[in-house]
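Worksheet: the structure to be examined is printed underneath.
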Amino acid sequence: MTQEPLIAIVGPTAVGKTALGIELAKTFGAEIISGDSMQVYRTMDIGTAKATVEEMAGIPHHLIDILEPGDTWTVSMFQEKALLAIASIRSRGKWPLLVGGTGLYVQALTHELSFGDAPSDSSFREEMELYASRFGNAALHGKLAKADPNAAEAIHANNVRRVIRALEVIHLTGKPFSEQENGLARPRFDNVLIGLEMERQALYERINRRVDAMMEAGLLEEVHRLYQRGIQGQAIQAIGYKELYAYFDGKCTYDEAIEALKTNSRRYAKRQLTWFKNRSDAVWFHLEEPEAKAKIFDYVHAFLAGKGFA
């Protein structure tokens, strides 16, 4: 582990990570690295809740709008690009602030993931390879989604080798692959994880309102443009896109698509919160408390002062 600081803001979708990250970056001289697995895609702006240029307030943001929607993006690709971004940020005398929602992506940067000591089972791998050849990559990926939704979110269906490895580790250990990742990894930096949370019903209402706001802002049109271009694959599996694709395919009504979008967003928020509560040493701040934001700023200032950044 290096003594270089890395602060990450984590927590469920719609809790307010983006806005807080920008405020912290402006106050303490940081540049932001997006830990969201879908904000890398150009033209997918509304559904991924990207900050607008105005909201960014001149703060450099990294790993946003770097790929076309048809391109593949993996945990390892994120790790490589994020480490390069950190080196670049530090060369300018700034410090990196990771703002993320995808658990494995955050862990891939904060920790040195290693599976060299994990067990193996060649017969199980052969069985899974046969399954994929018979039923397809999506069916194999579906197995992982049932066993470990967090791992499935981070591993693309076409990365068959990685999917099989995840299933193999689950098969042999009885534990989620995503849990193994963190358990076998050492911290890469002097990490500080700031967890944001609020009362669950308040968060769910906030999610529902954000979905309504996204629709008013033009999410239907944004997704329809992708649909007309014939975009398939990883990008359109994101929440907000897959539900509206189903509507355009005639598989559900408009109202059913919106309700599915809200339901899936709430479920995702619950998974995110569970992930970070169980798999990280984040310091949690309840945003409904009056002094929560002031406490966060004091906490960050004290940490950076100890590192010579404040």
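Cβ atoms are placed via backbone N, Cα and C, with glycine included.
Within 10 Å of the C-beta of V15 (ATP binding site) there are 24 other C-beta atoms, taking all protein chains into account. Secondary structure at V15 (ATP binding site), taken from DSSP and collapsed to helix, strand or coil, is coil. The annotation ATP binding site is assigned in Swiss-Prot to G11, P12, T13, A14, V15, G16, K17, T18 on the grounds of sequence analysis.
Look at Swiss-Prot and you will find T13, A14, V15, G16, K17, T18 tagged as substrate binding site, backed by sequence analysis. Counting Cβ atoms from all protein chains shown, T13 (ATP binding site) has 21 others lying within 10 Å of its own Cβ.
For the region 'Interaction with substrate tRNA' (36-39), the model's average pLDDT works out to 94. The region 'Interaction with substrate tRNA' annotation in Swiss-Prot covers 36-39.
In the three-state DSSP scheme, T102 (site 'Interaction with substrate tRNA') falls into the coil class. The feature site 'Interaction with substrate tRNA' is assigned by Swiss-Prot to T102 (among others), with sequence analysis given as support.
Positions annotated as site 'Interaction with substrate tRNA' by Swiss-Prot, on the basis of sequence analysis: R125 (among others). Every protein chain considered, the tally of other Cβ atoms within 10 Å of the Cβ of R125 (site 'Interaction with substrate tRNA') stands at 16. Classification of R125 (site 'Interaction with substrate tRNA') by DSSP places it within a helix.
Residue counts for the region 'Interaction with substrate tRNA' (36-39) under DSSP, split into helix (H, G, I), strand (E, B) and coil, are 0 helix, 0 strand, 4 coil.
Listed in sequence order, the residues G11, P12, A19, A49, G101, L196 complete the 8 Å Cβ shell around the substrate site centroid, once T13, A14, V15, G16, K17, T18 themselves are left out.
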